[in-house]
Amino acid sequence: MRHLTTAVALAAFSLTVPLTAQAQDEGPIQQVIEARHGFFTMLSRNMGVLAGMAKGDIAYDEAAATTAAANIEALTHYDLPGLFIEGSDSQTASADDSAAKPEIWQNMDDFRTKFQGLAEAASGASEAVKGGQESVGPVVGKLGQACKACHDDYREKS
């Protein structure tokens, strides 16, 4: 688990390296949008592994399932709501850059609560996915419901 935590920390750090290089060319709005994209890319890739296993599109591999679930658990400890600064919504920033609805800033407490719901759904996921393909589906369902709760209210439809 210590190696996994180190790997996630290194992955998160690697997201900041391009931001540092770009900082001279981009303002804070673009920087937080890029950081959010990085966060959601990592979340999506790990959810994709679990969803693929749950559907049977990917052969069940306990080590891969455990790693993906642990990565999601680790990601939910990041202060994602802190990356939603004023002016980084889909109406103010380029719609191509941000899918964040302005309602986030009108309801920041609810947004934070919904992100906490994702953290709660992810808690224990790395243990819950062990034991076979049938164990992955309920975890994916729980995580998916938490994602949907936020997306329904705070993400522009693509």
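Every residue gets a Cβ built from N, Cα and C, even glycine.
The signal peptide annotation in TrEMBL covers 1-23.
For Cys147, Cys150, His151, the entry in TrEMBL reads heme c binding site. Its own atom aside, the Cβ of Cys150 (heme c binding site) has 18 Cβ atoms within 10 angstroms in the protein chains shown. Secondary structure at Cys150 (heme c binding site), as computed by DSSP, is helix.
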Those binding-site residues listed as Cys147, His151, and which of them has the most Cβ atoms within 10 Å of its own Cβ:
Cys147
